[in-house]
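Features reported for this protein in TrEMBL:
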BINDING   Arg203, Gly259, Ile260, Ser261, Gly262, Ala263, Ile264, Gln265, His266, Asn280  FAD binding site
DOMAIN    3-190  domain 'Electron transfer flavoprotein alpha/beta-subunit N-terminal'
Amino acid sequence: MAVFVYAENINGVYKKAAFEAVSYAKAIADQAGDTVTAVSVNPTDSSDLLYKYGASNVINIKDEGLKNFSAKAYAQAVSEVADGSIIVFPHTTDASSVAPMLAVMNGYSLITNVLEAPESLSPFQVKRRAFSGKGYMHAKAKGEKVIVTVSQNAFGVKENAVSGSEEVKNLSVANEDTKVISHEQSSGKLDLKEAEIVVSAGRGLKGPENWGMIEDLAGVLGAATACSKPVSDIGWRPHTEHVGQTGKAIAPNLYIAVGISGAIQHLAGVNSSKTIVVINSDPEAPFFKSADYGVVGDSFQIIPALTEKIKALKG
Ligand SMILES: Cc1cc2nc3c(=O)[nH]c(=O)nc-3n(C[C@H](O)[C@H](O)[C@H](O)COP(=O)(O)OP(=O)(O)OC[C@H]3O[C@@H](n4cnc5c(N)ncnc54)[C@H](O)[C@@H]3O)c2cc1C
């Protein structure tokens with residue numbers, strides 16, 4: 001039972017989600033008594049980073065034509081080298097659009113957003129996120145060949161070093177469907193979907209001029225910043241920060257929500273976070289029902305004080 005994993009990189013640098021996917025693939029390979037082969041497109045990072053999480057073989061696809069991302073072309077490229085009975089993808093924006101293309105192309109069953117190592121390999125059965133994270137289900141694959149996407153921050157990154165070997169595969173896949181017209185760079189220093197800590201704010205902040213305190217708090221915590229939908233709709237913050245049902249779905253270890261009411265559409269994108277802290281002046285705000293810790297109060301007093309306290313603790 002050959003196990004493959006798609007190790008996603010961004011501008012050649014492996015994402016944390018790639019290490020999590022490799023860790024997950026290694027858990028399957030251990031169950032199956034087999035090894036893991038990682039596949040990546042134009043990486044510049046060393047393959048040592050993938051051996052560390054359990055990939056015994058790394059296939060580096062070199063293809064100038066794949067500089068611009070296209071789900072179809074990437075699925076074609078992965079298809080040329082990955083013929084395992086199980087292929088693992090991270091559930092990132094790009095990888096989760098390659099996975100279904102590849103599944104249709106080569107007749108795989110597809111199970112997305114898996115949370116844990118499989119309950120059985122034959123038939124393949126696994127627990128997955130359902131209903132925008134409000135529930136979960138146990139999905140069973142019909143066929144022998146399965147593609148899974150791993151929900152970010154669910155399984156975790158697990159070191160499991162093996163000695164590995166690398167192979168370079170030169171391809172020239174047609175990539176004519178995608179032309180990059182413009183590129184919006186996320187304003188934060190950290191990738192929101194990869195961040196361990198996220199500080200997020202909503203309409204309770206009253207205006208864009210008040211985001212300095214959110215950025216200061218994020219700065220001392222080493223966190224990424226996010227926002228609710230109306231905030232990005234009005235143009236207070238860039239759309240790249242919008243989280244929720246119609247924005248990015250994130251699952252950091254710590255999500256701090258400031259001046260956000262906690263509408264169901266917002267929760268859909270953040271309720272898989274490990275710990276949720278809600279700061280809101282209204283004790284009846286619905287978000288408190290989903291919070292692990294809640295602070296009732298004015299964010300204009302609490303946030304600067306919290307930032308100072310953390311700075312003092314760190315100092
Ligand atoms: C189809 C659809 C899809 C949607 N998708 C999304 C989505 O993806 N993401 C999303 O976020 N929303 C989404 N929404 C919108 C969602 O329903 C809510 O309207 C939105 O999340 C509310 O944003 P908010 O919490 O920032 O603002 P509000 O609901 O206005 O809440 C502001 C909060 O700030 C608090 N507050 C005010 N002053 C202070 C203060 N000084 N200190 C502390 N707290 C204070 C208030 O008590 C209040 O709870 C969607 C809606 C629809 C219909």
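Cβ from N, Cα, C; glycine included.
Cβ-based crowding with a 10 Å cutoff singles out His266 as the top-ranked of the binding-site residues Arg203, His266.
Taken as a whole, the domain 'Electron transfer flavoprotein alpha/beta-subunit N-terminal' (3-190) shows an average pLDDT of 93 in this prediction. Between the farthest pair of Cα atoms in the FAD binding residues (Arg203, Gly259, Ile260, Ser261, Gly262, Ala263, Ile264, Gln265, His266, Asn280), the distance is 18 Å. Between the candidate binding-site residues, Ile260, Ile264, the densest Cβ environment within 10 Å is the one around Ile260. Taking the Cβ of Gly262 (FAD binding site) as reference, residues of its chain lying under 8 Å away and at least six apart in sequence are, in sequence order, Val278, Asn280, Ala285, Pro286, Phe287, Phe288, Lys289, Ser290.
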